[in-house]
Every structure is written in structure tokens, then in C-alpha cells.
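Q: So Swiss-Prot lists the following for this protein:
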{"type": "TOPO_DOM", "residues": "1-7", "note": "topological domain 'Cytoplasmic'"}
{"type": "TRANSMEM", "residues": "8-23", "note": "transmembrane segment"}
{"type": "TOPO_DOM", "residues": "24-538", "note": "topological domain 'Lumenal'"}
{"type": "REGION", "residues": "121-151", "note": "region 'Disordered'"}
{"type": "CARBOHYD", "residues": "Asn245", "note": "N-linked glycosylation site"}
{"type": "CARBOHYD", "residues": "Asn263", "note": "N-linked glycosylation site"}
{"type": "CARBOHYD", "residues": "Asn401", "note": "N-linked glycosylation site"}
{"type": "REGION", "residues": "509-538", "note": "region 'Disordered'"}
Amino acid sequence: MKMRRYKLFLMFCMAGLCLISFLHFFKTLSYVTFPRELASLSPNLISSFFWNNAPVTPQASPEPGDPDLLRTPLYSHSPLLQPLSPSKATEELHRVDFVLPEDTTEYFVRTKAGGVCFKPGTRMLEKPSPGRTEEKTKVAEGSSVRGPARRPMRHVLSARERLGGRGTRRKWVECVCLPGWHGPSCGVPTVVQYSNLPTKERLVPREVPRRVINAININHEFDLLDVRFHELGDVVDAFVVCESNFTAYGEPRPLKFREMLTNGTFEYIRHKVLYVFLDHFPPGGRQDGWIADDYLRTFLTQDGVSRLRNLRPDDVFIIDDADEIPARDGVLFLKLYDGWTEPFAFHMRKSLYGFFWKQPGTLEVVSGCTIDMLQAVYGLDGIRLRRRQYYTMPNFRQYENRTGHILVQWSLGSPLHFAGWHCSWCFTPEGIYFKLVSAQNGDFPRWGDYEDKRDLNYIRSLIRTGGWFDGTQQEYPPADPSEHMYAPKYLLKNYDQFRYLLENPYREPKSTVEGGRRNQGSDGRSSAVRGKLDTTEG
């Protein structure tokens, strides 16, 4: 009897040890692309027998009454050229260092009572009423938070300023916040106020703004890149943009972004762009596309950060996909405030083919931290920042002990308050075709391997219905252009130029066609969109 109990006890102990070992093994596997490696073996071996490589030129089956193509973008020409190295005229473009400037913008002002108020978020009295000389502001009455330089400033209304019996005002410290801004200084945007940040009560304005570095890999998302530059151009201090002469699939491609930088297309933002050139394709990337996908971000981070000069440990690093655009207010908050934790993510509005097909939920991907954490915890590797939990990294405890900051991951925005936009497959039909044939060999099924999926008429039908390549159909209605955070402001202000992203070009509901035409102005915008623009601009 005792022997049986002893054996039973040993069996339970062995089962417990096996369970613990399995859990450790499973935890280790969760950080290795093991399923992807398995998935990448069979499809490639078999597909080469059944499918030829995709043709370079988009193929469209002829159909009567076929709608005209919206645009002929730069990338519609054949990308399968010999690998291109930088020309002599711009051969140093990918070797030049970038000196980060100091941000001298005066974001905050002080009230005469000693309060610190964020200018864009505070209600100010621009035109004093007659007979109230106490509301007039002189140069010597206000000073910037950032330094001794004194400038004429508008009078900052305080939350507790009240008229006394004889017309005198009592001065208090608080600021009166405009809609969308919160906190004692009116510098906390809604996407932070309604986020899961656990240290909101510790937020304080900085004396010196951080510099913000935004890193992106680019293939042919030039319209979305233009939108990013206009959305974030005044708050981001350096855009680190990586371009390769190979697609994610390993095929040669021309360096179109480098060409656009040198021919003046992006002249308005050229002074803030650090160009990174990846001139090789990683070994094994053709067999396992995730190797190539990860390597692009690793190279982008390491080469880009190594060429940044005047970099400080508390500067902010944000790495995005080209179709992920953070909202300006959230990025500006990270620049101007102390007290938030790291790493951080953005809740982004999800859409497909254009902003008109809104998808449920949000995209929430960890994409930012300080330069200090990027170097000390993630080993200067952007893909680790996006895909690895910080507490699995070996040096995170040392970083906490050295800095005195407890690492807590949080996200700007919420499922109800978007902090950016993720516009997936947002191209013209030709652009979607190019994305199909350029896609990595790891995100299966790889739809670019199927000839019928590359047909332009089929692609147009997907845009019209919101369907997917596997035959599933959209189960949610088109988005309303008048809704908050429908699209970045630059898109709405240039409606005609980006109409293919804002309106479904292949679908016109019969019941609303005439009514929509009656509500459109001379610029082609609907009354709802015009009203929204008037509100935002006012």
C-alpha cells in the first residue's frame, strides 16, 4: 500500500515537472517564428510546380463598360529591373548623418498668476473688451516656459477668474481648456485622457521638448507617406525612411523614393528626412518571408539611429509600417510631457482599400519608446520593440534600476478614441496589384501567386464590395465621411487629389446618388465633409 502511494506521488511529481517544462518550452516558442518556418516549407516547394512567377504588368480581363482607372501612379511601370545602386549625383544620400535640431517652438505660456498653459489647448482672450485695461497684455507681462525670451502674448483666461463688484479680476493658476484638451495645463489630448496610462496624475510639462524620430519602411505607399509628412511634419523632428532595391519577395525594384527626394517631390519636408538604403536581400528571406520582414525593420533602426547626431536618451522613437499614421496630438503630447511610461502603442482606426471601408475594432501595435530604452532593452532593434514583450528582454530590470522608471506598457487612445489611422491595401487597383506581387513569402496564402487574384477587374470588385481575396464579404456598412477621425485632415483638405481614398470609386448606392449630388458643392465634396472641414479649420 505504501509502495503504491509512493509511486502515485512520484507520478504526480513527474507530471508537474513535465507541465512546468512544457510551459517554459511554449513560452520560448512564442518568441520564435517556429510556426512560420514550418508554414514556409511546403507552399514554396509545391507552388513552383503549379504557378509561374507573376507577370510584371497588371493584367485585366476585357469587359464592356469597364470603369476607367483612377490614376497611373509612379509604381505602375515595370519594377523588375536590375538592382539599382545610388547614382553618382546622390551616392552619398544614404551615408549622410542627420543632426537633430533643438525644438525652439514656444508651446506653453505663463499666466501672471504663475500658471503654465499649453497655447493650442487653452482658451485665450484675443481682443480685450473696451474699458478693461487689466486684460491687455504687454510684452513684459508674459514669458515663455522655455527661456527668458519675451514675446507679446495673448491673455490666458484662468479657470477661476471672476469679475468682482467693481470690475476687478481675481487671478488663479488654472487654465481654461478648449474642447479636446485636458489637464491643469490643457496640454493632455483626448487620446491620452481616455487611454489606459496609469500615471496621468504625474504628467508635467517639460522645460525642453523631446525630439521625435519616426522610422518607416517604404515600398510604394507614396500617397500615404505624403499624408504622414503633412500630419506629423511639425511635431516629428526626423523621418527615418528606409528604401530597398528589392521587394519583400526578393525581386529587384527601382528606388522611386530616392528619385522623388532628389527631383523635388518632397522638397517641403526634405530637411527632416534621413534616407536609409538597404542594398541587399537577407539570406533565407525568399524561403521564409518573415526573415525579410523582420530584417527590414532591424536594418532601418540600426542604420538610421547610428546616423543621428545630437541624440538624447529621452528622445522618442516611433517605428511604423507605411500604412500606419499616428495622430498629431498624441505624438505632440509625447514630445512635451514627462510622466508617461514606456513602451507605448497607438489605437488606430482600421480601414481597408480606403477610409470608406471601416473595419471593427482598432489596430494596437507597440511602436514607440525612448531612445534609451530602445538601446538598453531592445538592443537597437525595431522589430523587437514591435513584437517582443519588454519583460522578456534580458536587460529590462537593469534599465528600470538605472533610470528609476517602472516599465508599464500602455496605449494612446482606446477602442472608442482613435489615436491614428491604419489604412490597409489603400491603393488604386494598380497599386494593389503591385502589393500582391511584392508581398513577402510568409503571410499565407500569398494571393499574388494566383493569377485570378491579380486581375484588375477582380481587384476593382473587391474595392467595390469591401470583400477579401478568400471570397468573404464585408459585413459592415461603409463609413460616414463626417465622423470624427474619418481620415487625416490633409486628405480632407485635398479631397479631389485623394478622392480614391475617401470615396469608394466603384460603388454608388442608387438611393443616394441624386441626393448626394444635390448636397455637393462646386469642389465635389459632400456637405457633411465641408461642414467637418469648416469645424476643424475654425
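Here the Cβ of each residue, glycine as well, is placed from N, Cα and C on the backbone.
Bear in mind that the values here come from a model prediction, so they are computed numbers and not experimental data.
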Q: Mind checking which residues reach the transmembrane segment (8-23)? Cβ under 8 Å, same chain, six or more beyond either end.
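A: Sequence-distant neighbours of the transmembrane segment (8-23): none found.
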Q: Can you tell which of Asn245, Asn263, Asn401 has the most other C-beta atoms within 10 Å, given these are the glycosylation sites?
A: Asn245
Q: Reported as an integer number of Å, what is the Cα distance between Asn245 (N-linked glycosylation site) and Asn263 (N-linked glycosylation site)?
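A: Spelling it out, the Cα of Asn245 (N-linked glycosylation site) and the Cα of Asn263 (N-linked glycosylation site) are 18 Å apart.
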Q: For the C-alpha pair, I'd like the distance in angstrom between Asn263 (N-linked glycosylation site) and Asn401 (N-linked glycosylation site), rounded off.
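A: The Cα atom of Asn263 (N-linked glycosylation site) is 49 Å away from the Cα atom of Asn401 (N-linked glycosylation site).
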